[in-house]
Amino acid sequence: MADQKFAPTQDGPPSDVERIKEESNYLRGTLAESLNEPLSAGIPDDDNRLMKFHGSYLQDDRDLREERRRQKLEPAYQFMVRVRLPGGVATPKQWLAMDDLAHRYGNGTLRLTTRQTFQMHGILKWNMKKNIQGINAALMDTIAACGDVNRNVMSTPNPYQSEVHGEVYDWAKKLSEALLPKTRAYHEIWLDEEKVAGTPQQDEVEPMYGPLYLPRKFKIGVAVPPANDVDIFSQDIGFIAILEEGKLTGFNVACGGGMGMTHGDTKTYPQLGRIIGFCEPQQIMDVAEKLITIQRDYGNRSVRKYARFKYTIDRRGLDWLKNELHARLGWELGEARPFQFDHNGDRYGWTKGVKGRWHLTLFIQNGRIQDTDDYQLMTGLREIAKIHTGEFRLTGNQNVIISNITAAKKKAIQAIVETYRLTDGQHVSALRRNSMACVAFPTCGLAMAESERYLPSLIDKLEFILDEAGIREEDIVIRMAGCPNGCSRAALAEIGFIGKAPGKYNLYLGGGFAGERLSKMYKENIGEAEILETLEPILFAYAKEREEGEHFGDFVIRKGYVKAVESGTDFHQ
């Protein structure tokens, strides 16, 4: 493959972010002072870069940006806080704590993310410390939920295979704990831990990460086939559980996935993780740590858009990666084992698991937990949390599973579901049940177009077409992203939209239904009228001409609307 297709390994001197990390004294910077500075609701850019490692981003309300500029006021600064919640598992007490904190310090809503955790928006600087202390008091934290480190570790919340799921979740939790930064900066700044006198050697402070941490974010997921609801091929490292006779024997190891790109730069692209071998369960920690150190040592620290692990691998090759990994491990991965994914969506409604426990998967449109005039979703879930004795399991599709419900509690929980009309999605189209959107406007500073606030109304219009075509109950994965950074993993959708400008999107078709294939751009920079005009004949053709069991993404490739994308390096071809 031609060299010019690949991002360079390094591109000159280290970026400014590398300087900020190096000078930060292990993520302290001047954050403590900036948070106490009373003249601005914001913080300096250097500290904002460090704030990500603590689980937060400085944002502003973009709906108010122009008006405040006219009034010569600073932007309406506020913070987003993201919780570290390995595998998306929260207790009822933790759910109630997040609900309370969202009303006390946030905008009164919670956002379930595509990485199985909570986000809170609208927190003012003066409330940040109290808010993070409240999260920690509920036995959660926000460490490494953002930043150039390993982020929230995902895990399949599969109610059908609860015993194996429990084992896999334990590994996800162990990975999350083991790969945390070791600096005490978080505890000093937010939890008032006293700083220990003396300066330890850098390898004592961060034995794995070092003082510069990683070149960019790093994401790990663990999946249990046949469910790929964590989109395992989108992860920097994906561990695919291999079951033999119902027992966990180990994990296939996939490397180098990632969804982000930059419009107009063909050296950036979404990429799928590639399987490099198999490890036994007790080897998973060693494999993850050694892969992270490879990215630490070889990732691009000059240009951040070229810094993800996928580019490190694509530049040097899979054989190089395997050789480097085996050298660091001192042993070799085994041959990959066979497995099969059949979907990357959630399975809604009631299911019965082991030990007589029940699980209820509810549809949460775009992950937004809030009360509106006609749908008291937040209140309903709060009432469930008050009586529930199991867990809340957040899914990678922004939904929630009320899990491990005892037979004695099932009737009471179903009564709350009926009282508040909480939905398992059966009364909405299959397209909507398989939809996902990132936050975008008004809080995300990177958004180029609407996403969460727009996709539901676009689906309203697409549902008219689906009804006419007779395919309302046909599962089709549709996702929207407000920018090309890929938080909603739109490049894996059968129908994907990636924002380019207000009201304008690139339309992508042909992603794999089980998250195993990237999509391909079909039309560029189009608005709603052209979106509907474009999709209508394709959806009608699918209704009439599809083969039995054929998914929409496979159909558009077979009929020649787009070519199959075998690798991210061909995404722009």
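Numbering starts at 1 and runs along the chain as it is shown here.
Placement of Cβ uses the backbone N, Cα and C atoms for every residue, glycine included.
For Cys438, Cys444, Cys483, Cys487, the entry in Swiss-Prot reads [4Fe-4S] cluster binding site, with the evidence type sequence analysis. Residues annotated as siroheme binding site in Swiss-Prot, with sequence analysis given as evidence: Cys487.
Structural mapping of features recorded in Swiss-Prot.
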residue : record                        : DSSP class
Cys438  : [4Fe-4S] cluster binding site : coil
Cys444  : [4Fe-4S] cluster binding site : coil
Cys483  : [4Fe-4S] cluster binding site : coil
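Those residues of the chain, other than Cys438, Cys444, Cys483, Cys487, with a C-beta within 8 angstroms of the mean position of the [4Fe-4S] cluster site C-beta atoms are Val439, Ala440, Leu446, Ala447, Ser451, Ala481, Gly482, Asn485, Gly486, Ser488. Non-local contacts of Cys483 ([4Fe-4S] cluster binding site) by the CB criterion (under 8 A, 6+ apart in sequence, same chain) comprise Ala440, Cys444, Leu446, Ala447, Met448, Ala449, Ile498, Gly499. Cβ neighbours of Cys438 ([4Fe-4S] cluster binding site) (same chain, under 8 Å, six or more residues apart in sequence): Thr114, Cys444, Ala447, Ser451, Glu452, Met480, Ala481, Gly482, Cys487, Ser488. Taking all protein chains in view, 21 other C-beta atoms sit within 10 angstroms of the C-beta of Cys444 ([4Fe-4S] cluster binding site).
Cys487 ([4Fe-4S] cluster binding site) counts 22 other C-beta atoms within 10 Å of its own C-beta, drawing on all protein chains shown.
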